[in-house]
Amino acid sequence: MTEGGLTDAHSTPPAAAEKTNTSVPFPDEEATEEDTKTAEKTPLKEDVEKRDNNEETKGSAVVKLVGSSDPDCAAEAEFEHPEGGWGWVVMLAAMWCNGVIFGIQNSFGIFFISLLDEFGSAEDESLKFKTAWVGSLSMGMIFFCSPIVSVFTDLFGCRKTAVAGAAVGLIGLFASSFVRTLGPLYFTYGIVFACGCSFAYQPSLVILGHYFKKRLGLVNGIVTAGSSVFTITLPYLLSFLLNWLGLHTTFRFLSIFMFVLMLAGFTYKPLMPEPRSPQTGKVPRLSKIFNFNIWKSVGYRIWALGIPAALYGYFVPYVHLMAFVEESFGKDVNKEILLMCIGITSGVGRLIFGRVADYVPGVNKVYLQVSSFLVIGVMSMMIPLCQVFGGLIAVCLLMGLFDGCFICIMAPIAFELVGSQNVSQAIGFLLGMMSLPMIVGPPIAGLLRDTLGTYKEAFYLAGIPPIIGGLVLCFIPYVERRKQQQQQQQEAAAHKMLDGKANSVLQPYNAHEDKKELECSI
């Protein structure tokens, strides 16, 4: 509400002013006992008494006044999160969603080797570059569709969006089982399956804010730990299925997971009040569909710039680490244990840092992401320096721990920067901007490998973007502190103006009271 809105809420209406003037004598008039009694009952005095009683809680009064002018804000202020109940079921469903989607994506290194054997040839010098596009396109499309998913989530709700997305992902993954060349996989696995996963994934983040607030950091940590559980178990399961059943039957087996994910989406029962919808029969304005207000936050703009900048090398180890291990340590080495190490410590990191985030005030949670990017960048550079397999295990353990930190506090930071009413599209736009670095990073690493004949330069370069992105995020707390200080100054100025107006209206009445006391003393 504008400053004028606050003034109108506290100033005396014209009708009340007239009534006050006729019942309260001024210094040049003679006051009677009846006039004094009438003055005690005037709306003006009642309003002033209420203002004095609320003087101790000025901050909360402003919040209530602002909320009263906006039904959406008022409804959000009155809404109480259950902090449990059916929310625990929703949490488990969201955990399954994260586990299935990112467990499969993080295990693409296993598929990568199988795809090289299934569709490759010794004469194809750019084979790794072409094959890497399947996994990177799939991961990138999950994030690329996110702005559109956020709009669908706002228009149709979390439940319908998640169920429809899981159904599309099921179709794409099942269709991939009938593909016999590499080209069609770009469409069935890289686009259809990934788009379905995107529509199923984002509502699982948004719906948690309907059930939890105080425990949101911990719950996000548990939910995102689902992908860690699947990252631990899927590599061994996929290796077994690929050796026993083959690539195509393995895709069909994984389709069962997507079917369960579709059923899990039915648990997303919304609780928070929906924003007011436009009138029936009219096409909603663009501003009603796309929430551009989130871009007014300078902190969010920095966040939306720093996160994508850090992710150009983020997905490279997940795609190329298995092939690098085979080249450096031989095909007989237990390479799946590296993904298991990343999955275990990533799950631990999500639980630990998710809980820690609940105790970190406001946007200072960003510093947790800064530290995670710095460690991930350094660990990526350390991969080609490991001369023994044990050193590689240590690197993966640290990388997974801080990967969990980065993932689990995405939603809490979004809530802090833009508020719960805007968080859906805030996350959607951010994930959409993350798509480009996620798509181009692994193919560039594959191209460097095909050109230079080694993965060393690819992993060295993959560690630079996370460090740069982490340094960019350091500006967010400073910007948000300045914003908060300006808001406090504006609120103080508004209260000072209200006090001045109230005192100016009461001056004639106070002068009359002083005159009456003087006459009585005489």
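One is the number of the first residue shown, and numbering goes on along the chain from there.
Even glycines carry a Cβ here, placed using N, Cα and C.
Under the heading region 'Disordered', TrEMBL lists 1-62.
The feature compositional bias 'Basic and acidic residues' is assigned by TrEMBL to 34-58.
Positions annotated as transmembrane segment by TrEMBL: 88-113 (among others). Listed by sequence, the residues of this chain that lie at least six past the ends of the transmembrane segment (88-113) yet keep a Cβ under 8 A from its Cβ atoms are 131-132, 134-135, 138-139, 142, 162, 169, 197, 200-201, 204-205, 207-208, 210-212, 219, 222-227, 229-231, 233-235, 238-239, 242, 247, 254, 257-258, 260-261, 264-265, 267-269, 318-323, 326, 336, 339, 342-343.
Sequence-distant contacts of the transmembrane segment (133-155), counting only residues of its own chain at least 6 positions beyond either end whose CB sits under 8 Å from a CB of the stretch, comprise 101, 105, 108, 111-112, 115, 161, 165, 182, 185-186, 189-191, 193-195, 197-199, 201-203, 206, 275, 289-291, 315, 318-319, 424-425, 427-436, 438-443. Annotated transmembrane segment per TrEMBL: 133-155 (among others), in sequence order.
Using a Cβ-Cβ cut-off under 8 Å and counting only residues 6 or more beyond its ends in the same chain, the transmembrane segment (162-180) has close neighbours at 97, 101, 149, 188-189, 191-201, 203-204, 248-252, 254-255, 258-259, 261-262, 264-266, 268. Under the heading transmembrane segment, TrEMBL lists 162-180 (among others).
Sequence-distant neighbours of the transmembrane segment (186-209) (same chain, 6+ residues past either end, Cβ-Cβ under 8 Å): 87, 90-91, 93-94, 97-98, 101, 105, 133-134, 137-146, 149-150, 152-153, 158-159, 161-173, 175-176, 179, 216, 219-220, 223, 258, 261-262, 265, 268, 270, 272, 410-411, 415, 420, 423-424, 427-428, 431. As annotated by TrEMBL, transmembrane segment applies to 186-209 (among others).
If you look at the transmembrane segment (216-238), the same-chain residues 6 or more away from its ends with a CB under 8 A from one of its CBs are 87, 91, 94-104, 106-107, 109-111, 204-205, 208-209, 250, 336, 339-340, 342-344, 346-348, 350-358, 400, 404, 407-412, 415. Residues annotated as transmembrane segment in TrEMBL: 216-238 (among others).
Within the chain carrying the transmembrane segment (250-268), a Cβ under 8 angstroms from the stretch's Cβ atoms is held by residues 86, 89-90, 93-94, 96-97, 100-101, 104, 157-159, 162-163, 165-167, 169-170, 173-174, 176-177, 196, 200, 203-204, 207, 238, 241-242, all 6 or more beyond its ends. Residues or ranges marked as transmembrane segment in TrEMBL: 250-268 (among others).
The annotation domain 'Major facilitator superfamily (MFS) profile' is assigned in TrEMBL to 292-522.
The transmembrane segment annotation in TrEMBL covers 302-325 (among others).
Residues or ranges marked as transmembrane segment in TrEMBL: 337-354 (among others).
Residues of the same chain lying 6 or more positions beyond the ends of the transmembrane segment (366-385) and with a Cβ under 8 Å from any Cβ of it are 303, 307, 310, 313-314, 316-317, 321, 324, 353, 356-357, 360, 391-392, 395-396, 398-399, 401-403, 405-406, 409, 413, 455-456, 459-460, 462-467, 469-471, 473-474, 476-477. As annotated by TrEMBL, transmembrane segment applies to 366-385 (among others).
Residues 205, 208-209, 216-217, 220-221, 224-225, 227-228, 303, 317, 325, 337-339, 341-354, 357, 363, 365-366, 368-369, 371-373, 375-376, 379-380, 382-383, 385, 423, 426-427, 430 of the same chain, all 6+ positions outside the transmembrane segment (391-415), place their C-beta atoms under 8 angstroms from a C-beta of that stretch. Feature annotation from TrEMBL assigns transmembrane segment to 391-415 (among others).
Per TrEMBL, the feature transmembrane segment maps to 427-446 (among others).
According to TrEMBL, the feature transmembrane segment maps to 458-479 (among others).
Here the domain 'Major facilitator superfamily (MFS) profile' (292-522) has a mean pLDDT of 82 out of 100. Remote same-chain partners of the transmembrane segment (458-479), defined as residues 6 or more beyond its termini with a Cβ less than 8 Å from a stretch Cβ, comprise 298-299, 302-303, 305-314, 316-317, 320, 324, 362-364, 366-367, 369-374, 376-381, 383-384, 417, 437, 441, 444-446, 448-449.
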